[in-house]
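K.L.:
So Swiss-Prot has the following annotated:
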type	residues	note
TOPO_DOM	1-29	topological domain 'Cytoplasmic'
TRANSMEM	30-50	transmembrane segment
TOPO_DOM	51-72	topological domain 'Extracellular'
TRANSMEM	73-93	transmembrane segment
TOPO_DOM	94-118	topological domain 'Cytoplasmic'
TRANSMEM	119-139	transmembrane segment
TOPO_DOM	140-164	topological domain 'Extracellular'
TRANSMEM	165-185	transmembrane segment
TOPO_DOM	186-202	topological domain 'Cytoplasmic'
Amino acid sequence: MSYLGVGVSPGNVPVYHGMNLKVIDRRVRLAELVLRCVICALGVLAAVLVGTDTQVKEIFSIQKKARFTDMKALVFLVVANGIAAAYSLVQGVRCVVGMVKGSVLFSKPLAWVIFSGDQMMAYLTLSAVAAAVQSASFAKLGQPDLQWMKICNMYGKFCNQVGEGIASALLVSVSMVVLSCISSFSLFRLYGGNKGKDGARW
């Protein structure tokens, strides 16, 4: 008996057919490859936008230059997105090689490594975006209680470019969360397949 391409054993344990498993794996890998390419491109874009952002302003005959290194949260954002882009590039190459060879991922240790790496990257990018958004809000709105000025009133171009970089980084973090869900599916379906085989034996 089958339902939606999934076989059901006498013990009512779903068992994926071999051919359907390959089709599912191909679609999952294609989605994974697209997301990794998006993360790589947007990660580089976010790092470049924030890392190259500068603006010089003359205040009381003194020139002051705003750069991303003035805010530690922006430095963290640049580093985190650079790491995420490099990681996604490596994993993207792995996806391409796997798709060319037509192999199906059955290695549990490798699946665990990919799952753990994606989880770490998701947490890293999310924390970087959260820290950058908080710092950017202080720069935009100021903090009257602490007598912090609205920096963006003086460095408008700098703040606008930082905002674009944070928006790109936000898309990276969201894509990374989706990708971690895909890698968790790829991992735990291996255990589901084993359970199905055990159920079929009974």
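Cβ coordinates are placed from backbone N, Cα and C, and glycine is handled just like the others.
Computed from a predicted structure; not experimentally measured.
Would you situate these features in the structure and describe their surroundings?
P.N.:
For the topological domain 'Extracellular' (51-72), the residues of the chain that approach it from at least six positions outside its boundaries are 78, 135, 139, 151, 154-155, 157-158, 161-162, 165, judged by C-beta separation under 8 angstroms.
Listed by sequence, the residues of this chain that lie at least six past the ends of the topological domain 'Cytoplasmic' (94-118) yet keep a Cβ under 8 A from its Cβ atoms are 21-22, 25-26, 29-30, 32-33, 36, 87, 176, 179-180, 183-184, 186-187, 190-191.
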K.L.:
Report, as numbers and ranges, every residue of the chain located at least six residues beyond the transmembrane segment (73-93) whose Cβ falls under 8 Å of a Cβ in that stretch; write 'none' if there are none.
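P.N.:
Contacts with the transmembrane segment (73-93): 32-33, 36-37, 39-44, 46-47, 50-51, 114, 117, 121, 124-125, 127-129, 131-132, 134-136, 162, 165-166, 168-169, 172, 176.
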